[in-house]
Each structure stands twice: as C-alpha cells, then as structure tokens.
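Working notes, structure below.
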Amino acid sequence: MFYHRRKGWEIPEREATPEALFFARRSLLKAGVAAAALAAAPSAQAFSLFGGGDKPAAPEAPDQTQGRYPAGRNDLFKLDRDVTPEEINSHYNNFYEFGSGKDIFEAAQALKTRPWTLKIDGLVEAPKEMGIDDLIASAPLEERLYRHRCVEAWAMAIPWTGFPLKHLVDLAKPQSGAKFVRFETFLDRSMAPGQRQVWYPWPYGEGLTMAEASNDLAFLVTGAYGKPLGKQFGAPLRLAVPWKYGFKSIKSITKISFVAERPKTFWEQLQASEYGFWANVNPDVPHPRWSQASEEVLGTHERRKTQIFNGYGEFVGGLYVGLEKERLYV
Ligand SMILES: Nc1nc2c(c(=O)[nH]1)N[C@H]1C(S)=C(S)[C@@H](COP(=O)(O)O)O[C@H]1N2
Ligand SMILES: [Mo]
C-alpha cells in the first residue's frame, strides 16, 4: 500500500483483511521493489524486466474465440445488487502470481494466454491435452451474473461467460475411483514475478469434491463483461464457485486432475487453520482473525450482511447434508 495510490472506490488494504497477512510482512520489501519497478514500466516491457533477459518473449498467438462473445445469458442466476463496473473490477484483483496487492492489472498483462494447453489426467478413461481454443469452440458458452465473496470480506458482482464445469467432467470420463477434482495454475517464474517468492507453495492449486464439481453452479469461466477474459481475471480459463470464498475460484488453469484423495490446496498449505478445503461462505463462522458477518460491496462502500452459501443455498445446500462434522465454513 505504500507504493500504491488508492482510488476513491477502493477498500484501503489496511481495512481489508488480507489473506496473506502473515506473509506480507516478510515479502513487503521484495514486493515493494517489484511493484515499484512494474509501475514505472510499460506493460510490454514487464516480461524482459522480470524474465532474466536470457530469452526474448515469443509473440502471443491470436485468440481464435473472439467471435463467441457475447454469449446468451442464462437467466436462472439473479443478482441482488448491481454488476460491479468493469473498470473497478478490473483494477481490484487477487492474483498472487503477479503480486500480493490488489493493483496487479499492469503486471498481469505479461501473462501469455496463447498458445495454452489444458491437461486432463488422473483417474479418467483417457488422459488428454486440449488447446484452449478447441475447448472453448466446442463448449456450450453462456453468460451468468454471479456474486463473488472474497474471504477478506469484500464482494463484487460480475457477468461471467463460460460453461458448466460438469461439461468438462463429462468430457474427461472419470473412473469410479475419482472422488475429487484438483485444479492447477501455470508455473512460470519468468512470466509471473510472484512465483519467485519461494515461501509460497506454487503452483496455485485448488480442489472440489466430485459432487461439487458436478453441481450446476460450478462454472468454468472464459470471458467477462461480454468479451474474452481479461488477464487480471485469470485468463484464459478460471473457475467460479460463488458459494465459496473467492480463493477457491482458481485462475489461469493448466491442469485438471481426477483423484481419489482430497487435495491440499494452496492456502491450506500456507495456513490450514484459516483456509480450509471447504471454505463455504457463512456469516456465523468468523475467520480466526476477523468477522464474516458482513461484506463491503466493491465500488460503493456499502456494507451488506453476508448470506449463508453467499446466497446460493437453494443450489448447493444439499451437497453438505451428512457432512456436518466437517469444517465446512473455513
Ligand atoms: N491462480 C490464482 N487464482 C486465484 C488467486 C490467486 O492469487 N492465484 N486469488 C484468489 C482470490 S483470493 C480471489 S478473491 C479471486 C479474485 O478474483 P478477481 O481478481 O477476479 O476478483 O481469485 C482467486 N483465484
Ligand atoms: Mo480472496
């Protein structure tokens, strides 16, 4: 925050409650230097600044899917608030691969999203690799208005474009032994300066149960605001599981694995007492360091009451019957 000029609509980082508080102090010096350097550099030069200078950046291949946007809206999913303006949403992001502050927009433009390969492996009939453009071309794209609730107690609302995760589960043809789905983000230290911070368990990983992954609300996102996904949002493929805290919605996915054991996630590896596997939104279960009873609406400074399952209980409440002894809300 020392190197970051705050705009009127932003939540000051000292008032928000960052996921990485424990680690932020240790990384402050390094992060400050990197962010200051990036802020001073035009985005096109970010790669060579942080790429070690040994090999030049190959040009990014064109996105073949532009013509699929905007996609028709699925009206099943209603908002109880306005969509967060694109300009605000695009400049207040969590994407630790590009820095631990919220203004990673410039840094994230170094993310190269074409070519991009998604690997599907583990307990499936036939492991496969798919080019992102082939995947998007064959997917049933639709637009959905979703709320998003970060564990730090801020919230946004966004028009995502994408397709149900269930579509990909069906493509993968999992075996009966598959109980969980594990997601992984790219690993490329030359492209993502945050990944040089060695105390984080890169690459970012997340997980869902098979039942959660097959729920209609679990959405694979390829676009936002009627266009292909901006890099800061986790292009070219990110997850949206809006009944869970935002850290479950992993960005820039390169691998989806079907596994028998519950995967250990990125934040769980860092601090299991604060960021569990389930991470379902619940106003009555505080984070160990702050209340979850209310949230700040990004862009308006309005405070709203947090809703159980972030208001999506009618879709997902049934997933947790019989699991009451699990830590469902951390
Ligand atoms: N790979 C990756 N995915 C990630 C994160 C991250 O740092 N790296 N941050 C998570 C957190 S904490 C949140 S709140 C959301 C933020 O999404 P947004 O920037 O589109 O609002 O992305 C999630 N997915
Ligand atoms: Mo978050």
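Note: Cβ is positioned from N, Cα and C throughout, glycine not excepted.
Remember, TrEMBL labels are computer predictions, not curated facts.
Database features (TrEMBL):
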BINDING   Asn93, Tyr96, Glu97, Cys150, Thr185, Arg238, Ser249, Ile250, Lys251  Mo-molybdopterin binding site
DOMAIN    112-267  domain 'Oxidoreductase molybdopterin-binding'
REGION    52-71  region 'Disordered'
SIGNAL    1-46  signal peptide
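Take the CB of Ser249 (Mo-molybdopterin binding site) and look out to 10 A: across all protein chains shown you find 24 other CB atoms.
Once the Cα atoms of Asn93, Tyr96, Glu97, Cys150, Thr185, Arg238, Ser249, Ile250, Lys251, the listed binders of Mo-molybdopterin, are compared pairwise, the greatest separation found is 19 Å. A simple Cβ count within 10 Å picks out one of the binding-site residues Asn93, Thr185 as the most packed, and that one is Thr185.
For Lys251 (Mo-molybdopterin binding site), the same-chain residues 6+ apart in sequence whose C-beta sits under 8 angstroms from its C-beta are Phe95, Glu97, Thr185, Tyr204, Phe233, Gly234, Arg238, Leu239.
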